[in-house]
Ligand SMILES: NC(=O)C1=CN([C@@H]2O[C@H](COP(=O)(O)OP(=O)(O)OC[C@H]3O[C@@H](n4cnc5c(N)ncnc54)[C@H](OP(=O)(O)O)[C@@H]3O)[C@@H](O)[C@H]2O)C=CC1
Ligand SMILES: O=C(CO)COP(=O)(O)O
Ligand SMILES: [Zn+2]
């Protein structure tokens, strides 16, 4: 009997471009998002974007500042939204702000609008939230944004490292898909050809456009933002973060626990991806292509450039498999000797 089914949740409108933040009110009314929103943001995006958005709205919206990706932050946003009886939520900022606002909106059952102020991660469009808790890291399903408004003027003016982090998050899709295929073969994990192909194509197109990704060039923000949207769509098609998150993400999540706030998410997954590609395909495999792609856009390719010690990286590599029930090339754990060999052979340490 044929009993397959899929429920793909995607944003209704994606608005990307020069100065589009000034069209926020129009984008909201286009989707009949009326009433009072709660703006969830952090300190820098509040000044550069949230206050400009508030001025366009009919009512003076409440603003909630958050600084950490924690379930407690999600609870705080839910409480504020309920106290203020708001009608929908706007997440204005980096990945943490967007994840927290997305999860809170899903919990309350109101619409969510994603307004990224950096191009540093592919959670901008995805139907997932990523939150650490104790020794684990949850990838939580949450309704994706109804609208995404990405102003390339703001994104291009942010520190350059955010753009290279977004590129590295996309380049790491290469190993994420490899891990997903491995899990499909060895553990019968469901694999989507469409989501896998879209995710890989997104990474390849970004690398193909590396020459146009240059500091000070607004077009860089345009190229990277389109790739982040495409990667988020792949996650929505898969109804999982699998197309964009494999062993390299597990290692990055462990680094966040071992040495918090040392490096950006995208940079960590990029460096980890060099080592996991080596674990997949060995000395003659494609790890050089991953490293060179990262280097071509100016993303870090070594633990030192991330600010992590050799010990921390090796600890993350050898314990990353414990963080989540997600089968990858790390299997039930790589030995310290194997992790060291992969990191030395690839020049990561
Ligand atoms: N749900 C998903 O599918 C995905 C989720 N993620 C998650 O996203 C998070 C990483 O996001 P990331 O954006 O890298 O980092 P964060 O959101 O943790 O940090 C972003 C920082 O950027 C600053 N900032 C934001 N906009 C600007 C700007 N325009 N100019 C200057 N500074 C700015 C903020 O500063 P300030 O504090 O001053 O406001 C903030 O501290 C991780 O938790 C990761 O797991 C990543 C990928 C996918
Ligand atoms: O960062 C992500 C995709 O780039 C989301 O992945 P996680 O599910 O591992 O949090
Ligand atoms: Zn990521």
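Glycine is treated like the rest: Cβ placed from N, Cα and C.
TrEMBL entries are annotated by machine, without manual review.
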* Which of 138, 249, 308 belongs with 169, 265 in the Zn(2+) site listed by TrEMBL -> 249
* **One of 85, 126 listed by TrEMBL as binding NAD(+) at the site of 95, 96, 97, 98, 99, 117, 118, 119, 120** => 126
* Setting 169, 249, 265 aside, what same-chain residues sit with their Cβ within 8 Å of the center of the Cβ atoms that define the Zn(2+) site, listed in sequence order? -> 121, 122, 168, 172, 244, 245, 248, 252, 266, 268, 269
* **residue 249 (glycerol binding site) and residue 120 (NAD(+) binding site), Cα-Cα, nearest whole angstrom** => 14
* 122, 169, 253 excluded, remaining Cβ within 8 Å of their centroid (substrate) -> 95, 121, 123, 130, 172, 244, 245, 249, 252, 265, 266, 269
* Filter the binding-site residues 95, 99, 120, 249, 253 down to those with CB closer than 6 A to an atom of ligand 1; keep them in sequence order. => 95, 99, 120
